[in-house]
Amino acid sequence: MEFDYIIIGAGSAGNVLATRLTEDSDVTVLLLEAGGPDYRFDFRTQMPAALAYPLQGKRYNWAYETEPEPYMNNRRMECGRGKGLGGSSLINGMCYIRGNAMDLDNWAQQPGLERWTYLDCLPYYRKSETRDIGANDYHGGDGPVSITTCKPGNNPLFAAMIEAGVQAGYPRTDDLNGYQQEGFGPMDRFVTPKGRRSSTARGYLDTAKQRPNLKIITHATTDRILFENKRAVGVAYLHGASNTPQEVHARREVLLCAGAIASPQILQRSGVGNAELLKQFDIPVVHDLPGVGENLQDHLEMYLQYECKEPVSLYPALKWWNQPKIGAEWLFNGTGIGASNHFEGGGFIRSREEFAWPNIQYHFLPVAINYNGSNAVEAHGFQCHVGSMRSPSRGHVRIKSRDPHQHPAILFNYMSHEQDWQEFRDAIRITRQIINQPALDKFRGREISPGIDCQTDEQLDEFVRNHAETAYHPCGTCKMGSDEMAVVDDEGRVHGLEGLRVVDASIMPLIITGNLNATTIMIGEKIADNIRGRTPLPRSTASYFVAGDRPVRGEPLRP
């Protein structure tokens, strides 16, 4: 079989490319996905409130584990990644957060990335989005991905937690993806008007899969990329349970969109990466590229949990006898508790003056439970997810064998810098000040976790070591740039090779301030225009907030 383009990975970026490239009817595209379909009747992936379920199994989750993390009491930590049409947009928390404008302006200051400023990228965020309250300078109204905004009548804890953040002296913002990210406000979410998860399989592939010039093969595990000299010419993949590779060929390009864990792994198996590593596994070196699999970054977060004095939390919804009614309302009406991810309030703040833009993120949740659905507190409660945004810690992804079914060695090196510890100590102490504000007086019960006895730097550090978890935002392992550790250029083209691009979160040179999915989709949209030889969308002229010399916070209502 031969196609113009072969896309490896039907995830947040791969589905964007498959859809945009097949808009040109004379172009043929093959989309290979190692997982299966996104079954529309499976509530585990389609119901927003069920977001913890896919992380508990392996049907939709690669369920990677890290090597023992040396600064986290040698814990092996979860690294869930999506498997199936939609990729990680099929199993993520559905928070529609783009990051801060300064993240992209910061990328664009690096040599070779001048066309990645916020104003260059904003048109591509808008192109991908249909926001339920309509378009404006920051938001789209006719894109493939449905975005739902918060509505009146949602859980009263959201408004109370946002108000508490403002009472603690921080700004209020009405749109975390608009003029000003900094502050506390409502969070948009990847949910359709009918209350379904808005993955890229639903938003993009539902349109594209009707086209005769797109072929999708699921249960297709990529073994390696095929090369002739320095040119990528095809892909060898394993279909279903077969161990016999099938080869397909690309007339124009191979587009690697397998994500921050699998993309470097596939490159390494294919002979592209650090030559010393490849030689350990007798892999013929196609191109010695030392940055492949390096520069791994993530967001680490922890939960501060509180009992709730008013019976308004989601605790009753965790009981099996209440779930049939919730499920029926969601299934037939697309409304009710099932139709939300329940991350409807949050914020971004600067913990210290030295940060030019926010370095701490909050998600508020009106129940006390682990992200993966474990360890639910048997009482009405609420929690703040809080974590640092741009850790200086760096890790790596490295193959352990040539076997495409064997997971790679993943090490994030979480908390390897003093800055990490300072940010988390600050975050816990600031969160306690926020929770102590008058807006939460009628809701706030005792602190369940970490517990009021946890006060000294040493006690806080030990809590973080034992309890902090991934926010599931790995990136950076095939970074864009022009330095010796860069893997791709500003259009995703792999340095030193022809006919091969990487287009996914692995090309982010620096992690962004917030959840990754919206920006990964934007990357797909932007590079799709490069691949098609189209003139980039005109730069936006929208204004955006820069803190400058403004203080980090004002006077709290209650110290």
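Cβ coordinates are placed from backbone N, Cα and C, and glycine is handled just like the others.
Marked as active site, proton acceptor by Swiss-Prot on the basis of sequence analysis: His473. When secondary structure is read from DSSP and collapsed to three states, His473 (active site, proton acceptor) falls in the coil class.
Long-range Cβ neighbours of Leu32 (FAD binding site) (same chain, at least 6 residues apart, Cβ-Cβ under 8 Å): Ile6, Ile7, Ile8, Gly9, Ala10, Ile217, Ala220, Thr222, Val235, Tyr237, Val248. The feature FAD binding site is assigned by Swiss-Prot to 4-33, with sequence analysis given as support.
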Quiz prompt | Number of Cβ atoms other than its own within 10 Å, given for Thr28 (FAD binding site) | solution = 22
Self-check item: Cβ neighbour count (within 10 Å, all chains shown) around Asp4 (FAD binding site)
Solution: 17
Exercise. Out of Asp4, Ser12, Val16, Arg20, Thr28, point to the one nearest His473 (active site, proton acceptor) in space (Cα versus Cα); all of them are binding-site residues in the record.
Key: Ser12
Exercise. Report, as a single number, how many Cβ atoms besides its own are within 10 Å of the Cβ of Arg20 (FAD binding site).
Key: 22
Quiz prompt | Secondary structure of Arg20 (FAD binding site) (DSSP, helix/strand/coil) | solution = helix
Quiz item: Counting only other Cβ atoms and using a 10 Å cut-off, which of the binding-site residues Ile8, Val16 scores lowest?
Solution: Ile8
Self-check item: Leu32 (FAD binding site) in three-state DSSP notation
Solution: strand
